[in-house]
Amino acid sequence: MHLGVSESMRECEYSQISTRSSTPMETPYKKRTPKKRKWESFPGRNKFYCNGRIMMAKQTGVFYLTLVLILVTCGLFFTFDCPFLAQQLTPAIPVIGGVLFLFVLGTLLRTSFSDPGVLPRATPDEAADLERQIDVANGSTGYRPPPRTKEVVINGQTVKLKYCFTCKIFRPPRASHCSLCDNCVERFDHHCPWVGNCVGKRNYRFFYMFILSLSFLTIFIFAFVITHIILSSHRSGFLNALKDSPASVLEVVVCFFSVWSIVGLSGFHTYLISSNQTTNEDIKGSWSSKRGKDNYNPYSHGNIFTNCCAALCGPLPPSLVDRRGFIQSDAPQLAPPTNGIIMYGATQSQQSHMVSEIETERPPPHLSSSSKAASPSS
Ligand SMILES: [Zn+2]
Ligand SMILES: [Zn+2]
């Protein structure tokens, strides 16, 4: 392997060591360390499993509680109630229950294990470049930090873009910084500890399908466990029926206490989807008419049906964080950071595309061509 190192690579190694004021212990022929993947130095507070394929929030305790509650309740239902119900009523009950259970589990894991739409942080070069643009745009006086907002017009509504001091980017419309995960997330809805992840542009529909199917599953189990208890109480009396199936009692208790919040949450998100709002916008009252007569939601498509289709069937954007890509230590854009930022993120071109998308006032010379391409009007 070492024999194959070209002359230029070796030169590169020498020059790196000489400019970094190496310690005397370092030798130019140091061992080649195995290539690191980008998730290993991801700057946000996330957990990764399966070599970066699975991405979650740091705190996952409540997620495991969700998982245990679903698995235990369904396990008890299929073991103790379904044989009786299938025999007395119809074998369709365990089949429908099984399909619902698999759908709930699938959508939960899809929500929890995926990238919710994290925006990559700016590289030091990009951050410095943006910093310069802000200074020029605000006529830097050096005394007072200039306001770091931009305004864009979306469907006739002025939307403010805020600068994220952690990610060093202007957040695109509807993005927000999750303080728990320490990432800016596109179309940020909320951070959900129950699923152990942020809910954003890339996993919102799965989150919605999860809570909706969980509502049906909870009502389904609740109804048929009650049916089981009633049918067996006809034979042996109510108290004996309860004594004979303690599992059913436990299921009824779990379902009774969880069904209200789950159904309520599904209803709330159905309302949000039908009006194309996020939880974040609803809580802040961003598009509330209380803010002014002509304050309206610019993202709404005008009717409930189109809003639902857009939220549930629209195209899913690809992940912008290349979690499984290799960190290239000799690439020029990954030079050691000068201002203490840990570098990570999408490729330079993705980043500059994003900057150019939100840049509305004064595109920098090297981005002007791409921003022209990005806006169809010019
Ligand atoms: Zn941020
Ligand atoms: Zn989060």
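A Cβ is built for glycine as well, from the same backbone N, Cα and C atoms used for every other residue.
The compositional bias 'Polar residues' annotation in TrEMBL covers 15-25.
What TrEMBL lists as compositional bias 'Low complexity' is 367-378.
Residues annotated as domain 'Palmitoyltransferase DHHC' in TrEMBL: 160-284. Across the domain 'Palmitoyltransferase DHHC' (160-284), the model assigns an average pLDDT of 93.
The annotation region 'Disordered' is assigned in TrEMBL to 1-36 (among others).
Sequence annotations record features per position, and here TrEMBL assigns region 'Disordered' to 352-378 (among others).
The transmembrane segment annotation in TrEMBL covers 62-80 (among others).
Annotation comment: TrEMBL describes 92-109 (among others) as transmembrane segment.
The annotation transmembrane segment is assigned in TrEMBL to 206-230 (among others).
Summarising the annotation, TrEMBL assigns transmembrane segment to 250-274 (among others).
With a cut-off of 8 Å between Cβ atoms, the residues of this chain six or more beyond the transmembrane segment (92-109) that come close are 66-67, 70, 74, 77-78, 82, 85-86, 195, 206-207, 209-210, 213-214, 216-217, 220-221, 224. According to DSSP, the domain 'Palmitoyltransferase DHHC' (160-284) comprises 75 helix, 19 strand, 31 coil.
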